[in-house]
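One structure below.
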Amino acid sequence: MATSWVPSVTPTTEFSLANLPFGIITTPSDPSPHAAVAIGASVLDLKVLSSHPAFPALFPPLAAHPDVFAQPTLNAFAALGRPVHRQVRAALRDLLSTDTAHPAVLRDAPAAERDRVLLPQSQVHMHLPMQIGDYTDFYAGYHHAYRVGCLFRGPEAALQPNYTHLPVGYHGRASSVVVSGTGIRRPTGQMLLDGEPTTGPSRRLDFELELGCFVARGNRMGEKVGVEEAEECIFGYVLLNDWSARDVQAWEYVPLGPFCAKNFGTTVGAWVVLADALEGFRTRGVQVEGRGEVQGYLREGREEAVFDVRLEVDLTTPEGDTTTISRTNAKHLLWSFPQMIAHHTLGGCPMRTGDLLGSGTISGPGGPEERGSLLEMTEGGKKEVLLYGMDARKFLKDGDTITLRGWCGQDGARVGFGECRGRIYSA
């Protein structure tokens, strides 16, 4: 197992050499957003590193793109494609390894030079990592879909007939996707109260635990992406919280699905875990008895098409008390992201660099402690979730903070996503 010379790298860090996620930062010395990589409790400033005389030789694929890490988003880097991402990540792993082949560049450089490139995470400010052109939210969390269907339609009609045949999704909006740490204002919407349409602040505000996927390279309009090609279209993954106003949703979603109930805010993590960093954590997704064969364009060449990512949700009250209310796993998806891309482009829809796909709420097959939303945990508000300090929730209160976390692997080689956090403010 490779080790790092970076002092802040500990055995339990989620930002190990096996990870190296990319993000966009500003620093005390540079207020312009630019690219960085997380390592331990530090960040490697890629804009500063790219000014090093050895940079072109260390990163040959970027020789023709010297300013790619000075951009305010990761789009330009993402658009270079997965082979380039792979080479750049390998070069960064070497630079940050204890036995680096280029010790003079960073490891053995004078402290003043090294400190310009390697900064404590506490000193930088994180920004939305991608410029997002379009956002599509899927519904691939099988246990969530079944459980919510039971709440609304009963077990016999919990899942619509199409659910096991195609990745169900709907078009969201990109304008209200925000980076972790951004406050979320309680939405006002139209809902049904005592049988009458009423307009006011949502009373049933919820979170949704999801995995997000950013597109690296898209396709031309009129051309589809094959499911086996779709892997190469993926830049990386983030944690995603698709906030939901359940009372607004219940009134508006027939017949075209959610609208104002979800368009007020979606939070994504600040660090993008590159697709290659998750390759070692592939596993099988949900197996549905009697499902049968899916259509040819959705058939993948391997069964291990989703990822074994452990997920947790914390709820912190306005008083500062924190309770972990959910522990589940990203493997509880029926559809993979390549299948989502293949279906999304089947009719020739063009996808573009920076487009965001959401997995849909991820829940486990067990009790409330494995569920990815309060709607499920409380069975539509019939029960309460007990919190630390003798508190309880059916839905979110003003001042509540939801924090999502996710990671793979063992100590020394963890691949984590960082926090995806948002606090609710009054309408």
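A Cβ is built for glycine as well, from the same backbone N, Cα and C atoms used for every other residue.
For 18-129, the entry in TrEMBL reads domain 'Fumarylacetoacetase N-terminal'. Restricting the average to the domain 'Fumarylacetoacetase N-terminal' (18-129) gives a pLDDT of 97.
Close to ASP242 (Ca(2+) binding site) in the fold, though at least 6 residues off in sequence, lie ASP137, GLY172, GLU208, GLU210, LYS262, THR266, GLY358, THR361, each with a CB less than 8 Å from its CB. Residues or ranges marked as Ca(2+) binding site in TrEMBL: ASP137, GLU208, GLU210, ASP242.
Positions annotated as substrate binding site by TrEMBL: TYR139, ARG153, GLN249, TYR253, THR361.
Using a 10 Å radius centred on the Cβ of HIS144 (active site, proton acceptor) and all shown protein chains, the other Cβ atoms total 27. TrEMBL lists HIS144 with the feature active site, proton acceptor.
Per TrEMBL, domain 'Fumarylacetoacetase-like C-terminal' is recorded for 159-424.
TrEMBL lists ASP242, LYS262, THR266 with the feature Mg(2+) binding site.
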Any further residue of that chain within 8 Å (Cβ to the Cβ centroid of ASP137, GLU208, GLU210, ASP242) of the recorded Ca(2+) site: LEU209, LEU240, ASN241, SER244, LYS262, THR266, GLY358, SER359, GLY360, THR361
Ranked by how many other Cβ atoms lie within 10 Å of their Cβ, the binding-site residues TYR139, TYR253 are led by TYR139
Where GLN249 (substrate binding site) and HIS144 (active site, proton acceptor) are concerned, what is their Cα separation in Å, rounded? 16
For the domain 'Fumarylacetoacetase N-terminal' (18-129), give the DSSP counts of helix residues, strand residues and coil residues. 43 helix, 27 strand, 42 coil
For each of ASP137, GLU208, GLU210, count the other CB atoms within 10 A of its CB; which of these binding-site residues has the top count? GLU210
